[in-house]
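Straight from Swiss-Prot, the features:
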ACT_SITE  99  active site, proton donor/acceptor
BINDING   21, 53, 72, 73  substrate binding site
BINDING   160-163, 171-173, 192-195, 200-215, 227-233, 238-240  ATP binding site
BINDING   212, 214  Mg(2+) 1 binding site
BINDING   212, 214  Mg(2+) 2 binding site
REGION    1-119  region 'DHNA'
REGION    120-270  region 'HPPK'
């Protein structure tokens, strides 16, 4: 992909763990590579399809100096986060933050951290069977947007019977396709935080819930950890999930089963 490179932007700020760093301040140096499609900007002279690197450098300087953080990891992360927020056309970003005056009392050129993130497509299943179900789904989607997660597509809301054998009210279910620069684990933690904010209490496994947010796919990632399994292990067994998926992404290929969603839906429906 096309790349914009900004190298060694110098800024003076008051980041650091030691009191002297927060009182006296020091120099920091930022370099970054931003990846996005430059075709439209290059061929049509369309400035809206480009990143104004002068304005970006000014924004970085302002953002960098408006707080005093203990760790340079925090500052670097915030620069990446806000760059993605202000420049939606950026698809990938690699940022290095150097701290040449780091108080290590030894001879060195610099200390630095590098953060590398890229946007990914993900699919999230939403469900609710308590209170105003459709309003709960809408609130969850609004909270995703508020966290900088771009909603690409929304399926219709389906009324479905509960899954898992626990007697309870019917569900309102939906699937959304999103674009986010958050890694899969961070995206999962975001979903859990939204559930908590909306009042979900985990008491009965597969029991009633005010809101349920399940991470189905993140691109074609295959992942197995104590906290997260990708793809979601029950996709091929849940007709309501497949029905919503095939509405918005019928040709998406399940990375383990190697079949498009449309085929999985047709097979389970029979």
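Along the chain as shown, residues are numbered 1 onward.
Note that Cβ sites are derived from N, Cα and C of the backbone, with glycine treated the same way.
Here the features listed in Swiss-Prot are painted onto the structure.
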residue : record                 : Cβ contacts under 8 Å, 6 or more apart
21      : substrate binding site : 14, 15, 103
53      : substrate binding site : 4, 6
72      : substrate binding site : 15, 28, 97, 99, 111, 112, 113
73      : substrate binding site : 113, 115
172     : ATP binding site       : 127, 128, 129, 133, 134, 136, 137, 157, 158, 159, 160
214     : ATP binding site       : 124, 125, 127, 191, 232
230     : ATP binding site       : 184, 215, 217, 218, 221, 222, 223, 224
239     : ATP binding site       : 265, 268, 269
Per DSSP, what is the residue tally for the region 'DHNA' (1-119) in helix, strand and coil?
43 helix, 37 strand, 39 coil
Per DSSP, to which secondary structure element type does residue 195 (ATP binding site) belong, with helix, strand and coil as the options?
helix
Please give the average pLDDT for the region 'HPPK' (120-270) in this predicted model.
92
Here the 10 Å Cβ neighbour count for residue 99 (active site, proton donor/acceptor) comes out at 20
Neighbour count (Cβ, 10 Å) for residue 160 (ATP binding site)
18
